[in-house]
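*Asks:* Quick one: the structure is below, questions incoming.
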Amino acid sequence: MSYTFSTYETLALASLVLLLGYFLVKRINVLKTFNIPEPVVGGFIVAIGLLIWHKIDGTSFNFDKNLQTTMMLVFFTSIGLSANFSRLIKGGKPLVVFLFIAALLIFGQNVIGIASSMALGIHPAYGLLAGSVTLTGGHGTGAAWADTFAHQFNLQGATEIAIACATFGLVFGGIIGGPVARFLLNRQKQGENPENDEVDDIQEAFEHPTYKRKITARSLIETIAMISVCLLIGQYLDVQTKGTALQLPTFVWCLFTGVIVRNILTNIFRFQVAESAIDVLGSVGLSIFLAIALMSLRLWELAGLAIDVLIVLAIQVAFMAAFAIFITYRAMGKDYDAVVLSAGHCGFGLGATPTAIANMQAVTSRFGPSHKAFLIVPMVGAFFIDLINAALLKVSFAVVNILA
């Protein structure tokens, strides 16, 4: 038996999931102490409830994917609209360093996946499937490569395993980012900032998700218009480039379109973009997207994972936490920005870029802004990382072919 939630039902439940997350994080000290994002808390609890329901009578639940996709695109578009070219240029050396670190993580994930699977006596392709293809790559990349695994290595249930591995990574990417940041902050003895201080419009978007904003009806309408135009252009470019060398995920086109539109308006037409409205709409899009993504998790699919693959994934989670603490944090300067970047790296290193942003928001809402982190992570996680992952996966495939 299967039940599909309508658009309105999905939106209503996602909103309740977020409110549940806010309620629990505010009242349960351990969740607040370790900076666990509210959508992860609420969404995971609902996912567990649906798992119990599924075990009782076998009912599966489906949610409106169009709403989830739209909220994701709104979020990435708002990231683009919040970026000035002058800020992008400032990314400079730290951006290159973080990109190199992200590539190093991909290499490490694949080495650990292959080595662990061989030590456990299973086909090394299973270890590779529990590596960067599903962790750094996420559900989309994992599902896209699953057929290749099935045909090239004759793996049984490759698609199901890929989705389950990506689900595992998404959950733990949202869980370990906060504790990693907490551990590093304790080293620095970083104090909290008040949560309800007002911030002005020149503050970077997304860094203060709980702070008050000054928004007018006009600024909100102008921002909705900008986002709508960017979504339209991004979707058009996605359709036009499909099957070509320029093919990219839709959200990347929307992000780049947002950057172009923002800088044309700011630098040519001298239009003052309402950062506060972009911030609010982007944060709302991110929260609703994550809530739907988390409550859509079919946790019973994890039960289908072989114990050997689960062991490989557990090793990957420990490796990600250690990598963020000893590599990402140190390479990015061992300062507060490096702490926030480390939390974000846990998010997209195991899950997805929205999870990374949620991890960073959970930190910055309590300990202060990090302009560098909110500039670098979306750029690397949303675009560059997929290209690097694809290139390194081809090398890993060749290695598995030799070892198999």
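Every residue gets a Cβ built from N, Cα and C, even glycine.
If you look up Swiss-Prot, you'll see 5-25, 33-53, 69-89, 95-115, 161-181, 219-239, 245-265, 277-297, 307-327, 338-358, 373-393 marked as transmembrane segment, on the strength of sequence analysis.
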*Asks:* Hey, would you say the transmembrane segment (95-115) packs against the transmembrane segment (307-327), going by three or more CB pairs under 8 A that are 6+ residues apart?
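*Replies:* These two stretches do touch.
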*Asks:* Is the transmembrane segment (373-393) in contact with the transmembrane segment (277-297), using three or more Cβ pairs under 8 angstroms as the rule and ignoring pairs under 6 apart in sequence?
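*Replies:* Checked: the transmembrane segment (277-297) vs the transmembrane segment (373-393), no contact.
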*Asks:* With an 8 Å cut-off on Cβ pairs and a sequence gap of 6 or more, do the transmembrane segment (245-265) and the transmembrane segment (219-239) reach 3 or more such pairs?
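*Replies:* They are in contact.
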*Asks:* Under 8 Å, at least 3 Cβ pairs, sequence separation 6 or more: does that hold for the transmembrane segment (338-358) versus the transmembrane segment (161-181)?
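*Replies:* In this chain the transmembrane segment (338-358) contacts the transmembrane segment (161-181) - 3 or more Cβ pairs sit under 8 Å.
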*Asks:* At a C-beta cut-off of under 8 Å, are there same-chain residues at least 6 beyond the transmembrane segment (161-181) that contact it? List them, or none.
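*Replies:* For the transmembrane segment (161-181), the list is 34-37, 39-40, 44, 126, 129-130, 133-135, 137-139, 142-143, 145-146, 149, 155, 290, 293-294, 297-299, 301-302, 304-305, 309-310, 313, 316-317, 320-321, 324-325, 339-340, 342-344, 346-352, 355-356, 358-360, 362-363.
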*Asks:* For the transmembrane segment (219-239), find every same-chain residue at least 6 residues outside the stretch whose CB is under 8 Å from a CB in it, and list them.
*Replies:* 70, 73-74, 77-78, 80-81, 248-251, 253-258, 261-262, 265, 273-274, 276-278, 281
